[in-house]
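> This is the feature table in TrEMBL:
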type	residues	note
DOMAIN	75-183	domain 'FAD-binding FR-type'
BINDING	Arg132, Pro133, Tyr134, Lys151, Lys157, Met158, Ser159, Thr200	FAD binding site
Amino acid sequence: MSTFFRRLSKATPIAFSHAFRGQSQSNSTHFRFPVGAIAAISGGISYFYYFSEPNLAHLDQINEETGPKTALNPDKWIEFKLQEKAKVSHNTQLYRFSFDPNLHLGLDVASCLITRAPLGEDAEGKTKYVVRPYTPISDPDSKGYFDLMIKIYPEGKMSQYFSKLNPGDVVEVKGPIEKIRYTPNMKKHIGMIAGGSGITPMLQVIEAILKNPDDNTKVSLIYANVSPDDILLKKKLDMLASSHPNLKVFYTVDNPSKYWVGRTGYISKDMASKGLPSPSDDTLILVCGPPGMMEHVSGGKAKDWSQGEVSGVLKELGYTEGMVYKF
């Protein structure tokens, strides 16, 4: 397994889910609003701190419950063990966490999970935690493991915690947190705008569509990054697009390299009008990225974290609140 993961890490970035799927079958343990500068894999949920006594459960406690067996629990923090990790890009790591190989994770499309890590003690001597949401990039139907792709920030409390993890270490997880319930053919055409690590919820929806032969949904993705080196999972996205005619992927970067042949600059009105489906009742636009990009493209969420009004580029193009979802 370690040799496999080392090979994977050198193939930056490649078709992770397909490579992992083959491994899991043979191993029961399974394994300008600068877009990349402040992007978070959180999928648009704000950073916050969580102060409370831990309400920690272990996987054997879940197995005592009746009904469907899943590894996640929305009401309890559960420890998941890190199995392997690999480098995806110059500032991004891939982490595989394992659990009972007979269980599904219990994640619907599109959903995220919440992680937490101890961050010292508060004034009363209680454990203080940093909490962050992440969207797994592994197939929700996989058993025994899930994968997180995490961008490491120099000042990121949670990402720095992840960067120091070694195989065998554990992370506390709770969930799932449902964002938008995707159902096959719910729209004729889904447009996506992602910035940096905001690609993770988009990939979750894309793979759910493409693996279902009865789902005829068309998908158009505009993926923005600072530079070509910051594009995450490009080889996988290109492979999916080349083998599925209902998926179109467009890239744009702020700082192109000498040999870059894609688009350059911020996501403009012209770029969106050419790359996304036109506004209609059969259209849905998903947006996920750093706050600056969100404000420019769709407007941010409201203060209460509801969807809020649509503004920016999408409003100028005629999209309404019912046609846009902000992760």
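Every residue, even glycine, has its Cβ placed from backbone N, Cα and C.
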> Only counting partners 6 or more residues apart, tell me which same-chain residues put their Cβ under 8 Å from the Cβ of Met158 (FAD binding site).
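Result: Thr115, Ala117, Val130, Val131, Arg132.
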> Counting Cβ atoms within 10 Å of each candidate's own Cβ, which of the binding-site residues Arg132, Lys151, Lys157 comes out highest?
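Compared across Arg132, Lys151, Lys157, the most Cβ atoms within 10 Å surround Arg132.
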> Find the longest CA to CA distance in the recorded FAD-binding set Arg132, Pro133, Tyr134, Lys151, Lys157, Met158, Ser159, Thr200; express it in Å as a whole number.
20
> For each of Ser159, Thr200, count the other CB atoms within 10 A of its CB; which of these binding-site residues has the top count?
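In terms of Cβ crowding, the pick is Thr200.
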> Can you count helix, strand and coil residues in the domain 'FAD-binding FR-type' (75-183) using DSSP?
7 helix, 57 strand, 45 coil
> Please report the number of other Cβ atoms within 10 Å of the Cβ of Tyr134 (FAD binding site).
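Total other Cβ atoms inside 10 Å, all chains included: 26.
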